[in-house]
Amino acid sequence: MPPTRDTILAALRAVVDPETGRNVVDAGLISGLTLSGGQVGFSLDLGTSGDAAAKEPLRRACEDAVRALDGVDAAFVVLTAERPPSPAPAASRRRSDKKDNRSGAIAGVRHIIAVASGKGGVGKSTLSVNLALGLRDLGLKVGIMDADIYGPSLPRMLGISGEPQSDGKTLTPFEARGVKAMSIGFIVEEDKAMIWRGPMVMTAVTQLLYDVDWAPLDVLVVDMPPGTGDAQLTMAQRVPLSGAVVVSTPQDIALIDARKGIAMFDKVNVPLLGLVENMSYYVCPHCGSRDELFGHGGARATAEARNTPFLGEVPLHLAIREMSDTGTPIVDSQPDSEQAQAFARIAQGVKAQLDARAQAPTGPTIRMG
Ligand SMILES: Nc1ncnc2c1ncn2[C@@H]1O[C@H](COP(=O)(O)OP(=O)(O)OP(=O)(O)O)[C@@H](O)[C@H]1O
């Protein structure tokens, strides 16, 4: 039988914070408890010190206590910071320093989709931007949110610069190429990004979701941080996603990581809209000849094995990189090229998946923290 809220809280009362000598429940450190069958998730407050490393043993102790209960299949405990430990630049300073646990749908935004990868450098940002533009070409109102704290690339890829405008309450997204755009790079200092942990990333992401004037949108494309660690799991769990697209290159090692990405979304019940194989084959920019450098087709096989839609292959082509670097993504700069068409087909596939799920009698399961 699945656990109840009371049995979980009772188990957590046995976990004592050595810093205060009080149990985590009575000390008020637990919030956002969610139950979904045998899956349990909640936040553990870090306190004002913001020292996530020091609280890690306590986080684990909470997870272990809940996992040990009958009927619990999985427990996810995320550390929640009272405030980010590093001084944030102007845009986020304008907003509240209070703990930010906002969750749930964003008014006026129909779908939020994540673009994720098991490892960095496989073309997740390139896909996010070109997918957003491809969805725009299908007549949808589209936004793109760059949550890739390890290397926000949206400003460069869309040629955006400057500070976002704010009325003191909400931020106005940038408008570029007919899509609304906002990057975590605008509210987080880049050189500090590497030391940020899941909860801190989540605070910034929550602000990007709820403090930006996104509406009205059909689809908000979220460029996730690469990997399947703490930050990514927290996001996958707490952002109200309609689904996720996982991108991989064809090499075995990348595919192993992509499978971890798929497993991560499965774990938190976010539907997989499909898998994309980037740098699938090489097209010579001079003669147009095709070469399968890394042995192509692994992502399609992985998708088939996992019963996940395969959304398509994108060739490795110099123009894709060059156009990204100059702020004119390939879908806009060379729309008739094979490489732009590859992105256009992926956008069609994503739209078809979203439409099908919207019409399904039981919609996708959306987990909110
Ligand atoms: N199909 C492609 N052909 C040629 N170059 C590509 C292709 N896809 C991506 N690139 C280039 O590869 C580099 C990495 O791509 P991108 O930044 O999109 O990856 P990422 O997975 O988002 O990386 P990170 O995890 O570091 O954010 C960029 O220079 C990009 O222009």
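From the backbone N, Cα and C atoms, a Cβ is placed for every residue, glycine too.
Look at TrEMBL and you will find 5-74 tagged as domain 'MIP18 family-like'.
Under the heading region 'Disordered', TrEMBL lists 83-102.
The ATP binding site annotation in TrEMBL covers GLY118, LYS119, GLY120, GLY121, VAL122, GLY123, LYS124, SER125. If you draw a 10 Å sphere around the CB of SER125 (ATP binding site), it holds 26 other CB atoms from the protein chains shown. Secondary structure at SER125 (ATP binding site), taken from DSSP and collapsed to helix, strand or coil, is helix.
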Neighbour-count leader, CB within 10 A, binding-site residues: LYS119, LYS124: LYS124
Number of other Cβ atoms within 10 Å of the Cβ of GLY121 (ATP binding site) across all protein chains: 12
Spatial neighbours of VAL122 (ATP binding site) that are distant in sequence (at least 6 apart) but have CB under 8 A: PRO226, VAL247, SER248, THR249, ALA254, ASN278, MET279
Site with most surrounding Cβ atoms, counting all protein chains shown within 10 Å, from the binding-site residues GLY118, GLY120, GLY123: GLY118
Cβ under 6 Å from ligand 1: qualifying binding-site residues of GLY118, GLY121, LYS124: GLY121, LYS124
Mean per-residue pLDDT computed across the domain 'MIP18 family-like' (5-74): 83
